[in-house]
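**Q** These came from TrEMBL, pasted as-is:
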SITE      R19  site 'Transition state stabilizer'
ACT_SITE  Y24  active site, proton acceptor
BINDING   N88, H94, D101, V115, S116, R125  substrate binding site
ACT_SITE  H114  active site, proton donor
Amino acid sequence: MSRRILLINGPNLNLLGKREPHIYGSTTLEDIETQARQQAHELGVEIDTFQSNHEGAIVDRIQETAGWGPNVRETDTPGKRVSAIIINAGALTHTSVAVRDALAAVAIPFVELHVSNVHARETFRAHSYLSDKAVAVICGMGAYGYSAAIEFAAQHLKIEGE
């Protein structure tokens, strides 16, 4: 398996830099993805990015990481398979058993990520359906959280891959 990371962003994260900048900052998702690709290259890993506002599309993409799912044919090469997932599931963190089940099913280590400190916000945001399955949880570091997650995943992959 290649040393590849999948970076998933959920609902409304396409609005980073526009939506509530006092909470989420002014960095756009495009800026984050550009920085992620550069950082991954420097760390010697590949990174794929995916964003969707639709729960089912996120579940499908997670399944594809293991070579499963409705968009994978038996003749497909394992090019979409990954060694680690970084997921900012947005609001789905607090509501989606489906995303949790998909992550558990593929059994690929993942980092749960949040731009804001979810524990300092509305009480419903403190509950995560993902945290107990994640190898790490990063929150409240703004856009820098993505860099920290990539660094962690690359180091974890290095240890696992050696």
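Note: Cβ is positioned from N, Cα and C throughout, glycine not excepted.
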**Q** On a count of neighbouring CB atoms within 10 A, which of the recorded positions R19, H94, H114 is highest?
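**A** In terms of Cβ crowding, the pick is H114.
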**Q** Relative to the Cβ of S116 (substrate binding site), which residues of the same chain, six or more apart in sequence, are found under 8 Å away?
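**A** Same-chain residues close to S116 (substrate binding site) (Cβ under 8 Å, separated by 6 or more) are I23, Y24, C139, G140, G142.
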**Q** Max Cα-Cα distance in Å among N88, H94, D101, V115, S116, R125, the residues listed as binding substrate?
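**A** Roughly 24 Å, rounded to the nearest whole number.
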**Q** With Cβ-Cβ distance below 8 Å and at least 6 positions apart along the chain, what are the contacts of V115 (substrate binding site)? List them in sequence order.
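**A** Counting only residues 6 or more apart in sequence, the Cβ neighbours of V115 (substrate binding site) under 8 Å are L16, I23, Y24, G25, N88, C139, M141, G142, A143, G145.
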**Q** Which number gives the other C-beta atoms within 10 angstroms of the C-beta of D101 (substrate binding site), all protein chains shown included?
**A** 14
**Q** In whole Å, how far is R125 (substrate binding site) from the residue listed as 'active site, proton donor' when you measure between their Cα atoms?
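**A** With distance taken Cα to Cα, R125 (substrate binding site) is 10 Å from the residue listed as 'active site, proton donor'.
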**Q** Using C-alpha atoms only, work out the spacing between R125 (substrate binding site) and R19 (site 'Transition state stabilizer') and round it to an integer in Å.
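**A** The separation of the Cα atoms works out to 17 Å.
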**Q** Could you give the Cα-Cα distance between R19 (site 'Transition state stabilizer') and H94 (substrate binding site), in whole Å?
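**A** Here the two Cα atoms lie 19 Å apart.
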